[in-house]
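S.K.: One structure, as C-alpha cells, below. Some questions next.
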Amino acid sequence: MSFDFDRGLFKSDFFDHHAVLGMPIDASAREIRKRFMSIARRLHPDICKAEDKGLAEALLSKLVNPAYAKLSNDRERDEYVVLLKMMGKRLIQDRQSISLGSDLAKQLSKENNFERAYKNALETLATKQYEDLDGTLDTIAQMSELNLVYLLRKERDGGGVKKEQKTVTRPPVSGPPTSDRPTSEKRESAYIDRHCQRAEGLMTNNNLNSLTMARKELQDALKLDANNSRVHALMGTIYLKQNQLKPSSVNITLAKKHVTQALKLNVKEPVALEARKQLNQLLASSSTGGQKTGTVKGKSDKSSGGLFGGLFGGKKK
C-alpha cells in the first residue's frame, strides 16, 4: 500500500513530516514525541477496528514511524529545518502559481495574526486526524497546505523558519558582532556532502532499489543547493546506471540533462566528465545498433556490461 499526496508542501516534491504527525513546524522535540506516542496508541492493532487494522499498520509503518524518526533525531531535524528554510524561499519565488484547496488554508493566508490562527487550525485538524482513518490522508493534505501558507507568511514577513533554540550559557564576547552566514553555509555544505556520500555508497550496489534511494538522497541535496555540480553529476550517473539495468529513453534524457547542467556549473567536474564519456559511448552504440545488424550488434551487447566500471571501482577495458 502506497500513499500519494498532491497538495501543500507535498506538491513541491517535499515530504511534510510535520503534517503526518499533525504538529506545527516550530514544535519542540518533546511535543513531537508526545504526539507520536498518542498516534501510535491510536493505531495499535488492539485498539483499531478489525476492518481498519491493515490501513492502520500501513499508516504507522510508512508515514508515522518515518516522520518521527526524522523529527526526533537532532541531526536529522536540523537538516530538515534547513530544507524548510530553503522551501520558504522557493515558495516566495513561486507564490503567484500556488493554489490552495482548503478553506482553512485560504483563510490563513489572509489572517493578520497568522501564527495563532495557524496553530489553532492545526489543533482542530489534529483532533480528528487519526480518528476516522478513511479521512486521514485528506487531513494530512490539509495540514500540509497550512504548513505551506505558514512558511510563505514567515518568509514574506522576513523571519523565516527558526531552528529550535536550546538554552546555552555563552561567555561574553567583545568586539563587533559577526555574521553567522559562513557557519550556515558550511553546515549546508556538510549536509550536501553527506547526501552525496550516502548516494555513492548506494550506487555501488547497482540495483534499481538502491539507485532509487540514492536518487532521493541527491534530490534532498538539490533542495539545499540546486547549482551543485557534483550532485548533478551523480544524478546523471544514476540515470545511466538505471538505463543499464532497465533501458529507457527517459533515463538517457535525464542523464544528459543532469550531466550537461553539471558541466555548465563546473567544466572540470570529474564525475560529470566521466559520465559524459559513457553517455557518448552509449549514444554511439545505440546509433550503430540501429544501422547495422548481426555481428556488430553482438559486439554492442557484449561491451555494454562494462559501461560503468570506471566510475565507482574497476577500470574500463
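Glycine is treated like the rest: Cβ placed from N, Cα and C.
Unlike curated records, TrEMBL annotations are generated automatically.
OK, TrEMBL features for this one:
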- 16-84: domain 'J' (DOMAIN)
- 160-188: region 'Disordered' (REGION)
- 284-317: region 'Disordered' (REGION)
- 285-297: compositional bias 'Low complexity' (COMPBIAS)
- 306-317: compositional bias 'Gly residues' (COMPBIAS)
S.K.: What average pLDDT is reported by the model for the domain 'J' (16-84)?
M.R.: 89
S.K.: Run through the domain 'J' (16-84) and tell me, per DSSP, how many residues are helix, strand and coil.
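M.R.: Breakdown, helix to coil: 53 helix, 0 strand, 16 coil.
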